[in-house]
């Protein structure tokens with residue numbers, strides 16, 4: 001492995017991780033609605049969930065899915081249903097900011113599960129593995145995953161921090177409700193577009 005391969009892998013990981021998608025919108029919303037630490041728990045789960053998905057795809061799951069088209073369809077529909085559920089929760093939120101630990105915030109397991117149901121994560125995994133590894137070289141897949149891990153975590157953390165920054169300026173529940181509803185509609189739209 002040379003820097004000529006590592007640098008493009010890192011750039012790909014950054015572009016795929018920081019670009020808007022369902023997980024990024026949940027990170028932004030978590031930063032707005034909950035204390036920063038609660039959002040970072042979701043970020044850690046989403047990052048590790050993605051890395052496990054990435055390595056699994058690199059080890060051949062994507063090929064197995066090509067042989068079993070119903071599995072891909074089931075994952076797609078499951079992802080859409082899950083994202084629509086999250087959209088509805090966000091849309092129905094009352095806009096009250098919370099500092100308590102008892103308030104429900106998406107946690108570690110929600111972050112990990114969301115990546116497995118996120119078509120953007122599947123696309124990033126399949127295209128990254130296809131473009132930068134020969135698909136059967138475990139060492140290449142492990143290197144790519146080890147590059148992806150801190151880049152993904154930092155990228156998702158930026159979205160939580162952006163939400164926390166916005167929180168300072170959006171203290172009125174009415175504004176938060178409006179922003180949540182806009183994000184909910186964007187999340188729902190992105191999930192429905194995954195069916196096309």
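Numbers run from 1 along the shown chain.
Glycine too: its Cβ is placed from the backbone N, Cα and C atoms.
Annotated range for transmembrane segment in TrEMBL, selecting from 2-19, 20-37, 74-91: 74-91. For the transmembrane segment (141-162), the most Cβ-contacting stretch among 41-62, 74-91, 174-195 is 41-62 (pairs under 8 Å).
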